[in-house]
Amino acid sequence: MKQTTIARRVETVGIGLHKGEPIRLVLEPLDANMGIVFHRTDIGASFKAEPANVVNTQMATVIGNEKGFISTVEHLLSAINGYGIDNIRILVDANEIPVMDGSAISFCMLLDEAGIKQLDEGKKVILVRKEVEVAEGSKFVRTVPSRNPKFDYTIKFNHPVIGEQRYVFEFSKSRYVKEIARARTFGFLKDLQRLQAQNLALGASLDNAVAIDDTHILNPEGLRFENEFVRHKILDAVGDLSLLGAPLLGDYIAFAGSHDLNHKLTLAVLADEKNYEIATLSGELLKDYQKVFA
């Protein structure tokens, strides 16, 4: 199997979650072995999507360096990882990725418009060789070896609308689009009011998030899935794990995970070469994992 990029340049415009202003997003093809590269056109700064460039994980995944940063990259990265795209250049004219509808489906549609192009180099993957776990109290994220990669996620909120939810997602492109990509981000009204008082989340609305008060969902259309909340957590994890630089072939298991724990997991996996193996997807290995990329 070969590495991929997009076939043609595409662009869109969307609102930024925090500033509430229009942002121009452009996706461009990139050569083999270049990975995922972000570029801020407004300040002329580039950042490679990798764990070392993560600078904040409090409310979103933020990458950057001394020249600047780009916030809320996880939904776009999730779509890119879900589509198995290895190399792509992402250009934005602001310090955040547009929120679109709060899910990854708009980015999937943009990738469909761009098309997928195979390159000459073999596709690299990260095979999980040992269990790796990062925990904080009862919360944890872990990855374990598996020939049938899946995301097994449980969330637990002391809230009547959410409660405890678990979803197991067997990874493949087709299932990603059907089961995960449309799940929207969610937030509590009391938190939104606090953030907007700090001039943050100014672009948040019922058009780009599931909003919850003390007892109800505020969106008139309701949920897209009965368990949309936990599905969105999987969406985030698919995006955060893309920072490893290649598809992770192993199970991801989480209880009450977060962007911060996901980031710490990527660092922990890469910290010891006994934890993983970088391999080219071919021969018997390709046969084992073919359906992941279907």
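Backbone N, Cα and C atoms are what each Cβ position is placed from, and that goes for glycine too.
Feature annotations, courtesy of Swiss-Prot:
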BINDING   HIS75, HIS232, ASP236  Zn(2+) binding site
ACT_SITE  HIS259  active site, proton donor
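Cβ crowding, taken as the number of other Cβ atoms within 10 Å, peaks at HIS232 among the recorded positions HIS232, HIS259. Between the CA atoms of HIS232 (Zn(2+) binding site) and the residue listed as 'active site, proton donor' there is a gap of 12 Å. The residue listed as 'active site, proton donor' and HIS75 (Zn(2+) binding site) are 12 Å apart (CA-CA, integer value). Listed in chain order, the residues near the Zn(2+) site other than HIS75, HIS232, ASP236 are GLU74, SER78, SER103, ALA104, ALA183, THR185, LYS233, ILE234, LEU235, GLY239, each with its Cβ within 8 Å of the site Cβ centroid. Every protein chain shown contributes to the tally, and the Cβ of ASP236 (Zn(2+) binding site) ends up with 24 other Cβ atoms within 10 Å. On a Cα basis, ASP236 (Zn(2+) binding site) lies 8 Å away from the residue listed as 'active site, proton donor'.
In the structure as shown, the Cβ atom of HIS75 (Zn(2+) binding site) sits within 10 Å of 30 other Cβ atoms.
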